[in-house]
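As recorded in TrEMBL:
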- B:4-156: domain 'Casparian strip membrane protein' (DOMAIN)
- B:9-28: transmembrane segment (TRANSMEM)
- B:60-82: transmembrane segment (TRANSMEM)
- B:94-124: transmembrane segment (TRANSMEM)
- B:144-169: transmembrane segment (TRANSMEM)
2 protein chains.
Amino acid sequence: MSSGGKLEVILRVLGFLLSFLAAIVIGVGKETKVVPITISSQLPPFHIVVVAKWHYLSAFVYHFATNVITSSYGLLSLMLTLSSKNRHNNMLTLLIIVLDTVTVALLSSGTGAAMAIGVMGYQGNSHVRWNKVCDTFGRFCKQVAASAVLSLAGAIVFMLLIILAVVGLQKRPK
Amino acid sequence: MSSGGKLEVILRVLGFLLSFLAAIVIGVGKETKVVPITISSQLPPFHIVVVAKWHYLSAFVYHFATNVITSSYGLLSLMLTLSSKNRHNNMLTLLIIVLDTVTVALLSSGTGAAMAIGVMGYQGNSHVRWNKVCDTFGRFCKQVAASAVLSLAGAIVFMLLIILAVVGLQKRPK
């Protein structure tokens, strides 16, 4: 296997692992907290149980779904790369570059969506009167941030794979 | 100019226009509403003025910024494509493919962020107690949705440019 071929295998393993881990980290994201609520100063505070789960928010569901799809594709493309006997098959090369590009778009949009809701959770927004929730669900918010970083790193790896494929095409003898 | 070259120019013009329009549509996004607030049933309702602006929400600022950056790059890359005398300059081709890939990632993440906050505005979320705001700011929400669709279309155009460049490299005589 050429040095470009070895690098491609390493990057595909890395791309798969990063988006797989991103899906796991958000997928296990759940936090239960007991929060005191004061109704009247003459009464002792109530205690209610509040739960944060990733599938309560559609942006996190989308982020999870993009990472499941792209890690599955990462594994599939790794197997295709390893089993492909004809390294100069134009149709297969083009198909993989197209799917790598779709993967970059999916991972970027999922990361963008998760980060947008995550930042809103950290900061809140007075204009739309959405209160910050990360002071209650600190661990859950950290999991969302970690998953977004993993997913972003996955997107960068798939971008490197596109660049590697283009350099390979430029160097390739006819 | 070859048919691939003409198609590239058409796609770059389209990519520039779509992300430029996406930036304009979100950039002019502002809605002022007078909302009645009832404090007591014995008093007539108050009327307060509420304003929605794109730069109140960091996700929309990010979405605007990505579209400004990518439409500027779209115009620059169009000029480079039109002025480039050596169509087989490997370094320039590689640089443009790298920047097209970064553009796809930027537009996708910006669209993802804007859509995540837009969907939250339409639906609200009872778990984090964020109320929907699009029943008050209907026109503003439609502008956000239109800008996100334009930006997504822009991302697809830049994906097509990557595919066109790869097909061009595969067909190219050495």
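Here the Cβ of each residue, glycine as well, is placed from N, Cα and C on the backbone.
Counting residues 6+ beyond its ends, the transmembrane segment (B:60-82) has Cβ neighbours under 8 Å at 5, 8-9, 12-13, 15-16, 19-20, 22-23, 26-27, 29, 54, 92, 96, 99-100, 103, 106-107, 109-111, 113-114, 117, 144, 147-148, 151, 154, 158 in the same chain. Panel annotation: around the transmembrane segment (B:144-169), residues 4, 7-8, 11-12, 14-15, 18-19, 21-23, 25-26, 29, 54, 60, 63, 66-67, 70-71, 74, 93, 96-97, 100-101, 103-104, 107-108, 110-111, 114-115, 117-118, 121 of the same chain, lying at least six beyond its termini, place a Cβ under 8 Å from a Cβ of the stretch.
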